[in-house]
Amino acid sequence: MAVVQFGAEDEAHISKPVRRMRWATQRHAGAGGSRKRRSILDRLHHGTGSKEEKRKSAASSSPHSDGSTVDEGSVDSSNLRRVFCNVPLPDDAKDEDGRLLANYSRNKIRTAKYTPLSFVPKNLWFQFHNIANIYFLFTIILAIFPIFGATNPGLSAVPLISILTVTAIKDAIEDWRRTVLDNELNNSPIHRLVEWNNVNSVEENVSLWRKAKKSTTKTVVKTWKKLNALRKGIPLEDIENDILAGQRPSIETRRTQRNSTYSYRVSFQSNNNEPIEEGGAIQMTPVPSPNVDRFNSQQEGQSLAVPRSSTDYLSPDPHRKFDLLHSARDYGSVLNKARRTPQIARFKRDFWKNVQVGDFVRIYNEEQIPADVVVFSTSDPDGACYVETKNLDGETNLKVRQALHCTRSVKHARDCEKAEFTIESEPPHPNLYEYNGAIKWNKHDPKFPDQPGREMVEPITINNILLRGCSLQNTEWVLGMVIFTGLQTKIMLNSGATPTKRAKLARDLNWNVIYNFIILFFMCLVSGIVQGITWGQGNNSLNFFEFGSYGGSPPVDGFVTFWAAVILYQNLVPISLYISLEIVRTAQAIFIHSDNFMYYDKLEYPCTPKSWNISDDLGQIEYIFSDKTGTLTQNVMEFRKCTINGVAYGEAYTEAMAGMQRREGINVEEVSKKAQENIAKSRVKMLQQLRSIHNNPYLHDDKLTFVSPDFVSDLAGNAGEKQQAANDHFMLALALCHTVITERTPGDPPKIEFKAQSPDEAALVATARDCGFTVLGRSGDDIRLNVMGEERSYTVLNTLEFNSSRKRMSAIIRMPDGKILLFCKGADSIIYSRLARGQQQQLRKETAKHLEMFAREGLRTLCIAERELSEEEYQAWNKTHDLAAQSLTDREIKLEEVSSAIEQELTLLGGTAIEDRLQDGVPDTISLLARAGIKLWVLTGDKVETAINIGFSCNLLSNEMELIVFNIDKDDQGAAEFELDKNLRTFGLTGSDDELVAAQNNHEPPAPTHALIIDGDTLKLMLSPELKQKFLLLCKQCKSVLCCRVSPAQKAAVVQMVKTGLHVMALAIGDGANDVAMIQEADVGVGIAGEEGRQAVMSSDYAIGQFRFLQRLVLVHGRWSYRRLGETIANFFYKNLVWTFALFWYSIYNNFDGSYLFDFTYIILVNLAFTSLPVILMGILDQDVDDKVSLAVPQLYKTGIEQKEWTQKKFWLYMLDGFYQSIICFFMTYLLYRPASGVTENGLDLSDRMRMGVFVACSAVLASNSYILLNTYRWDWLTVLINAISSLLFFFWTGVYTSVESSGQFYKAASEVFGTLSFWALTLLTLTMCLSPRFTIKSLQKIYFPRDVDIIREQIVQGKFKYLDEYEAYVPPAAADLSPASTDVDKPIDLSTKRPISMPEDERPIYPPSVAPTAATHNPRSQNGSDGTGVSSLEFRHQQRVSLERGPLDQRSSSYQRVQRSMERARHSFEASNDFTSAAMLTRMESTHTKP
């Protein structure tokens, strides 16, 4: 056996760590993450700057405290964090006053932006980052000075004050919600040790301000409780008791079990428990772990309450003696029992915010971890505890953490007083999967307590740390010490805010605002120049300012007029545009959240918008980047097939098989139905066979996924003892080689579920359970199995866990007969490279053949192998393993080397095949998105062959496509460039800049003739600056792109390459923590709330429950939002131009002296009340077609891809229309007044400018509102009503305001103007002239140059989409082909054509049946790839037992044989990739190791 050698190290005084060392996947933050966290890290260093510098200098100049050299794993002393417990502070750790130098972060977290005192100034500061707000504030300041002619400065501030107030209220509500969450978190309860001196925190360091706040808060809380008690009539004595109730009772037997899914971990008391001392030992005694008797009585039930089999004790005496001696080994303890303590410390209920570094905390089951805590002891006698890290990394599987050996005796409050140690820790850093530290203590000889102790060291790894944000599960309690708090915890260092995203339309809008500023500048410049020249000529009109003889001059007059014009024309820059868009986007987000057709019933999860300001980006998506596992698939692993000793077992009909048969022209529906009927019969037969050989109480009919009567027949011995032993040993390997956690549910029959670190592992153990090899649980290092009704116990000596680099995991087991076996499972290529050379040639060939076929069926494959170890061989290796585990530097590398040395010379047992089924509606959704013109790329970490099969299953790949597979050796950039150039020449391209520009302007989907598949190593080369452009151009020509074996950083890099290289809008969708990078990189990120936790959801812009909801989110809500906002913005600029230029035309006739044509209240209210509601309502409710038609005709989405709903051309056309209408509104009134003066019915003159202004203002307001109504597609009662109310509001305000004398010159204007016939005639004529050009052009366009949407709307009116009304957002199969393609969208739809039941690919249902299932349209049991048998568990129980004899040979492995022929056609495509594990490749593979 190969032995890994280490350098000479002084390991004599290092305590033995946990033997079952565990790896975690190493995930390195990308550059984006580093930038995101930089501010937090800077803040940390800044906050502790002076003291840290002083401490560093002291540490660098002082020797180690004890004068000895720190072990190799010690962290650089300049960055070292030391936590002291009951030991004197060394000189280099304290200042001249004897206080601790280090100043640690508080555990109180505040994510809110504001406090009550800072809200007003801080919110105003943020709001005035908007240049429009600064502009309007400037105009208000100008209006204060009378020289600029503003008649009412107070009214000038009303619009800005209104906008600032509304925005402030919105910000206050959002921040209040953050504050509530902060307070809820900071005030969460935790049991903290009090009445004990924690030298790591100094109370004097608390500022007077904080002390005053704390005292005030406590007083207010107590007063509130007492007042509330008096109101409710509760005695004050009870309140005082409640206040003191946070103190933990001195005696406690058992905590009340919560109403949850918690079930006790299968654990048994060890025989070497430390005895309880007399006299106070019962104080704060933690709740004991479940013992053997309680386990048997409460969880196993009567069926398991039987004596253990004699086989449990078959271990020879020498091995048993070794185990007992080994388990009794003294690892040392940090307790100094000779230390005298006051014994007054106790655990008291406290708040998270009061936890400090160095505090002892006790955490109970299902409680959240308040800070980063080192595990000292647990309720489990072996020091194990289980945590759920869903809030940290998004993974829902439980993870095991271990207590330090030297602290496992620290269980009570009195023990904490006697503990003496120092923790040396690395500084805070954001890596969730790495931690290095050490605990040092002096081991005293009990016989000589006064003698100096011997220094001991034990390493601390990430496996000994509970991170803030995790929750304790399946463990009654944990006692630990806080090492990092607050902003220095790993979760906070990783919690940089999601990158702020701005909608593309909002970015384009800035240019249009700039254009309006330029127009405003020239208007003001013209006004100033003309007025200055006029003033100099001496025949100027009356002015509203007088400088006097000393100040008047043409330049000064022009300067003042310029700024007066800024106030006069201020509405050209739409002040209410931004707040109106906020209102529109908020309403759109509410509609998205309220859409019941995107509500996932299983998780009770609606579509949840996280970013409310990018809804219009959903309507412009051209590229979608999707993860595979958990996004396209369900991430629910089901064991389907296996190969054992060269025999294939299992019946299944997968999506990949259906896809292959569909490509061959086979009627898939008919074949699928027949296959599922056969599977249903086989299932019934297998269940009967299983119960005939063993009445397994843990077998539940609905849980059985592995269907193979032949396997049970062979397990019963019908194929001979050799195959029977092989099947038995294979299932035993599945039951022993894992790290799952057992959860029991009592009942008749009882249930056993498994929590695993991966769904694949849980599926393997569950299948072993169904076949009679049930994992009952663990007791210390023992794992208990029920094998065909017989209980057995196996000792787990070591567990070498899986990680992404190893691609395998192993368990070293001592069998009941004393043998030591290593079981190993992993990727087929990894296992084959470690098999014993020259052995099992035929078996390896047959197994490789089966694994190849399983992979082509879309199944995930693993290999199972074993190795028998001698006692001496194992002991030698274990010693080396212990040394590697004790290393404080490069520990992971050394452990990997040691593990690799033992995982050699393996014997192949067989392989497994697990199905990860497609989610409901995935193929139809992808097909629908493709018809909309959206390109879908799949970025996955899976193997090439698995991704290809899923691609065929979900309509990404077709049999007619040529697969371009890139598989290039690492660092061979020349070969990569050669392959790129060769494939580019196929499309007539060279990769030039001109071709890239052409690709950026071409939004048409590529021809469905080519697809590109690339692995991660090759992708790394393609993303280099030299090859990126060529690779991008090649991908642009391919219908589908599949990137396999890619890392999270590569996913983000691909998204960034396409987004910036092609200037397109990109959407990324995923469900796991490894998808966060691409979700944040994309323009729109969508997270799926699935099996891998909520990390992707938390980082996303939109969260949905299933992939199929993406079609509705994008094609319905996205298209609506983009079209609505594009029209809203255009109409906003239009109506402001009409109003402002009417004033400009009037200025021509008063020499641009700044006189107002309108009353000043009109100028203020025109955007605030008269014209704002119709355009806002247009942005919220307008629809060109409804949701059903949007899904029936997805080609309508292409206008968004081409970004035609908002263009600069559209902006200038609307501005031109507004320019024209301003001329009509003013000059029609001017022409009325030009020949004669108007009079009222009483003969009063109407020739003053205020009366004339009513004519012009009324025409402008009515023309604007009517124009908006003309541009609105959907005229429902609410739209018409709001438009009418807005127009009538003008008349109402004019009537009310002019009826009071304070209106001044405007007094009685309403009654005088509205009472004349000329006013109404002129208004009607003006409206007609304003709207006629727009109406004429729209009519001609719809008749002679109709767009797709115009034709569809016409067909809707004709009733050709009436069939959609029969369904609730669902298009039935018979209507699937009624959605016209973009090329023939103007053809009428023929409803009389009968549709066949079996449809070709182009006639698949447009909307997946699973969205709105009905009894007539969808079988709820039928899912993609499921058996769908519909057979209940009772149907076969009373049937006659079938024979265990094997069936005819032509029936065995029928699914394997059925698909074998259909796969041959695609062989060249699969084997083009080196990553694809073909049978030929595996059989040629030889071991790479060398024998010792």
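Glycine is treated like the rest: Cβ placed from N, Cα and C.
Residues or ranges marked as active site, 4-aspartylphosphate intermediate by TrEMBL: D627. Residues or ranges marked as Mg(2+) binding site by TrEMBL: D627, T629, D1071, D1075. For 39-56, 1384-1393, 1435-1449, 1461-1470, the entry in TrEMBL reads compositional bias 'Basic and acidic residues'. According to TrEMBL, the feature compositional bias 'Low complexity' maps to 1451-1460. Taken from TrEMBL, the feature domain 'P-type ATPase C-terminal' applies to 1097-1346. Per TrEMBL, transmembrane segment is recorded for 132-150, 513-538, 558-581, 1129-1148, 1160-1181, 1211-1232, 1252-1270, 1277-1297, 1317-1337.
The two recorded residues, D1071 (Mg(2+) binding site) and D627 (active site, 4-aspartylphosphate intermediate), show a Cα separation of 8 Å. The stretch from 1160-1181, 1277-1297, 1317-1337 that makes the most Cβ contacts under 8 Å with the transmembrane segment (1211-1232) is 1317-1337. At the 8 Å Cβ cutoff, the transmembrane segment (1277-1297) and the transmembrane segment (1160-1181) share at least 3 close pairs (sequence separation 6 or more) and count as touching. The average per-residue pLDDT of the prediction over the domain 'P-type ATPase C-terminal' (1097-1346) is 90, rounded to a whole number. A straight line from the CA of D1075 (Mg(2+) binding site) to the CA of D627 (active site, 4-aspartylphosphate intermediate) spans 7 Å. Counting Cβ pairs under 8 Å that are 6 or more residues apart, the transmembrane segment (1129-1148) and the transmembrane segment (513-538) reach 3 or more and are in contact. Outside the transmembrane segment (513-538), and at least 6 residues removed from its termini, the chain residues within Cβ reach (under 8 Å) are 131-132, 135, 552, 554-555, 557-559, 561-566, 568-569, 572-574, 1133, 1136, 1140, 1144, 1147, 1151-1154, 1211. Tertiary neighbourhood of the transmembrane segment (1252-1270): same-chain residues 1131, 1134-1135, 1138-1139, 1142, 1146, 1156-1159, 1162, 1166, 1170-1171, 1174-1175, 1178, 1217, 1221-1222, 1224-1226, 1228-1229, 1232-1233, 1246, 1279-1280, 1283, 1286-1287, 1290-1291, 1294, 1309-1310, 1313, 1319, 1322-1323, 1326-1327, 1330-1331, 1334-1335, 1338, selected by CB-CB distance under 8 Å and a gap of 6+ residues from either end. Note: D627 (active site, 4-aspartylphosphate intermediate) has non-local neighbours V938, L939, T940, K1051, I1069, G1070, D1071, G1072, N1074, D1075, i.e. same-chain residues 6+ apart with C-beta under 8 A of its own C-beta.
In this view, D1075 (Mg(2+) binding site) is surrounded by 32 other Cβ atoms within 10 Å of its Cβ, with every protein chain counted. Taken residue by residue with DSSP, D627 (active site, 4-aspartylphosphate intermediate) is part of neither helix nor strand, so it is coil.
Fewest Cβ neighbours within 10 Å among the binding-site residues T629, D1071: that distinction goes to T629.
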